[in-house]
Amino acid sequence: MSSIYLGVNIDHVATLRNARGTKYPDPVHAAEVAERAGADGITIHLREDRRHITDRDVRILRETLQTRMNLEMAVTDEMIEIALKTQPEYVCLVPEKREELTTEGGLDVAGHLDKIKAATEKLTAAGIKVSLFIDADREQIDAAKACGAPFIELHTGHYADAATEADQLDELKKIAAGASYAADLGITVNAGHGLTYHNVAPIAALPEIYELNIGHAIIGRAVFDGLHKAVADMKAIMVAARQ
């Protein structure tokens with residue numbers, strides 16, 4: 001079986017810091033701990049309203065990360081310019097609404113093909129690997145291919161939020177089919193959103209999945225067990241699922 005990689009999203013360390021307007025806990029420190037615990041990359045979402053990760057965080061993390069930065073961002077001129085200046089290894093283009101608590105669904109690539117293709121081409125020309133955060137839908141996967149994106153990240157939120165085991169199994173089948181279809185097109189497949197210690201194994205077991213991006217569950221577990229153990233435990237579950 002191929003390896004599977006873990007990108008640790010540290011947004012909610014910044015959420016905790018910003019709740020009191022303090023300098024702690026510092027997501028830069030969190031990234032260091034996560035890397036030592038086995039994270040293969042660090043994911044951060046610089047939102048337009050800067051509700052958690054800030055420009056300062058992006059700048060310092062770019063200088064200090066020992067693994068790779070995956071910068072999640074909306075498809076706006078401001079964010080594209082920040083990415084071009086920062087030069088992260090990866091950019092994941094995501095939909096964004098100011099009123100949402102977290103990203104609610106996949107990017108409608110098919111409905112905004114020209115705009116997303118232009119952004120993808122601009123970032124790619126700068127040497128940045130582009131991923132598109134989409135639902136496991138053939139139309140969206142085809143559109144991602146048409147944009148020239150080498151990566152997609154399949155939205156696992158519907159799987160994670162399924163009300164029954166039967167519904168969850170249906171969502172897993174959709175993700176598995178989408179991952180297989182994308183891989184056949186030559187696209188590298190990541191996945192994430194809503195994954196926890198209890199539901200991650202079936203997703204991690206899918207052979208086409210290259211990397212999982214997980215944040216909220218890890219930071220939540222870290223409150224009780226410490227961040228190092230929380231990251232290491234998640235990585236262990238993922239690796240075991242691939243055996």
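The backbone N, Cα and C atoms fix where each Cβ goes, and this holds for glycine too.
Record features, source Swiss-Prot:
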- Asn9, Arg20, Gly194, Gly215, His216: 3-amino-2-oxopropyl phosphate binding site (BINDING)
- Asp11, His12, Arg47, His52, Thr102: 1-deoxy-D-xylulose 5-phosphate binding site (BINDING)
- His45: active site, proton acceptor (ACT_SITE)
- Glu72: active site, proton acceptor (ACT_SITE)
- Glu153: site 'Transition state stabilizer' (SITE)
- His193: active site, proton donor (ACT_SITE)
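Here the features listed in Swiss-Prot are placed on the structure.
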residue : record                                      : DSSP (3 states)
Asn9    : 3-amino-2-oxopropyl phosphate binding site  : strand
Arg47   : 1-deoxy-D-xylulose 5-phosphate binding site : coil
His52   : 1-deoxy-D-xylulose 5-phosphate binding site : coil
Glu72   : active site, proton acceptor                : strand
Glu153  : site 'Transition state stabilizer'          : strand
His193  : active site, proton donor                   : coil
Gly215  : 3-amino-2-oxopropyl phosphate binding site  : coil
Close recorded positions near His52 (1-deoxy-D-xylulose 5-phosphate binding site), where close means Cα within 10 Å, chosen from Asn9, His45, His193, Gly215: His45
Cα within 10 Å of Asp11 (1-deoxy-D-xylulose 5-phosphate binding site) - qualifying recorded positions among Arg20, His45, Glu153, His193, Gly194: His45
All-chain count of other Cβ atoms within 10 Å of Glu72 (active site, proton acceptor): 26
Recorded positions near Gly215 (3-amino-2-oxopropyl phosphate binding site) (Cα-Cα within 10 Å), from His12, His45, Arg47, Glu153: His12
Spatial neighbours of Glu72 (active site, proton acceptor) among the recorded positions His12, Arg20, Glu153, His193, Gly194, His216 [C-alpha, 10 Å]: none
C-beta crowding around Arg20 (3-amino-2-oxopropyl phosphate binding site), within 10 angstroms: 8
For His45 (active site, proton acceptor), the number of other Cβ atoms found within 10 Å of its own Cβ: 23
Spatial separation of Arg47 (1-deoxy-D-xylulose 5-phosphate binding site) from Gly194 (3-amino-2-oxopropyl phosphate binding site) - C-alpha basis, Å: 18
Rounded inter-Cα distance in Å - His12 (1-deoxy-D-xylulose 5-phosphate binding site), His216 (3-amino-2-oxopropyl phosphate binding site): 7
Of His12, Arg47, His216 (the binding-site residues), the residue whose Cβ has the fewest other Cβ atoms within 10 Å: His216
Residue, out of the recorded positions His52, His193, whose Cβ gathers the largest set of other Cβ atoms within 10 Å: His193
Integer Cα-Cα distance in angstrom, His45 (active site, proton acceptor) to His193 (active site, proton donor): 13
Cα-Cα distance maximum in Å, computed over every pair in Asn9, Arg20, Gly194, Gly215, His216 that the record assigns to 3-amino-2-oxopropyl phosphate: 25
